[in-house]
Amino acid sequence: MNVLLCSINTFKRLYDISAVEVGQHFYWQMGDFQVHAQVLITSWVVIAILLGSTILVVRNPQTIPNFGQNFFEYVLEFIRDVSKTQIGEEYGPWVPFIGTLFLFIFVSNWSGALLPWKIIQLPHGELAAPTNDINTTVALALLTSVAYFYAGISKKGLAYFGKYIQPTPILLPINILEDFTKPLSLSFRLFGNILADELVVVVLVSLVPLVVPIPVMFLGLFTSGIQALIFATLAAAYIGESMEGHH
């Protein structure tokens, strides 16, 4: 019971912290609601890049694949391998979800280093990679949580919740807390790594000539890709775990 109360209090404190603003932000007013426009603008750009490149490649498939078709087929095979390794033989229906997570996070991370967001002037604040905002990473983590709950319940029904008292009912609070910490760890890991990478590059560019930070920028591109892979792999692992019922 103490563990449950502690977790509830933790989430209340996190909710209070979410109301604190650091820096300036650009909002759209929609009725009584304020929408965080910076994240929406950059997210739409990333989605447009993904949709546009996909349409260009698949609208006229060739018998002898060209470079773009070969690249997309390689990416699809890679995502299928990751899904099959983590989920098992029932991986098929989850390939689109895992692939969407991986590609959105990958392109979002790279957009922070390759697209000149800062030159676009806003009335307040500035644009940055979508994954540089905690709202985006939390939303992706919550989607993952919904996915693995759905996977477990759709396969086992209400018997899925029996995992919380395995191997002994004494572990019930800890097993419940584990499901709350999964989205927290997913979201903060991705947000922290992307934010830290962009801050390091900004500080180096302001202190030394542009040539010096270039190796750090290339390292940032590599780590950004790794973070996308880690997020997608963990999401697939959580889905596979909920379907198999083991930890």
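Here, residue 1 is simply the first one shown, and the rest follow in order.
Cβ atoms here come from the backbone N, Cα and C positions, even for glycine.
According to Swiss-Prot, the feature transmembrane segment maps to 38-58, 95-115, 134-154, 199-219, 220-240.
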Problem set entry | Remote residues contacting the transmembrane segment (134-154) - C-beta distance under 8 A, at least 6 residues beyond either end | 18, 36, 39, 43, 94, 97, 101, 104-105, 108, 160, 163, 179, 182-184, 186-188, 190-191, 231, 234-235, 238-239, 241-243, 245
Seminar exercise, completed: Same-chain residues at least 6 beyond the ends of the transmembrane segment (95-115) with a Cβ under 8 Å from one of its Cβ atoms are 42-43, 45-47, 49-50, 75-76, 79-80, 82-83, 128-132, 136, 140, 143-144, 147, 190, 194, 197-198, 201, 217, 220-221, 224-225, 227-229, 231-232, 235-236
Seminar exercise, completed: With the cut-off at Cβ under 8 Å and a gap of six or more residues from its ends, the chain residues touching the transmembrane segment (220-240) are 79, 82-83, 85-88, 91, 94, 97-99, 101-102, 105-106, 109-110, 112-114, 140, 144, 147-148, 151, 182, 186, 189-190, 193-194, 197-198, 200-201
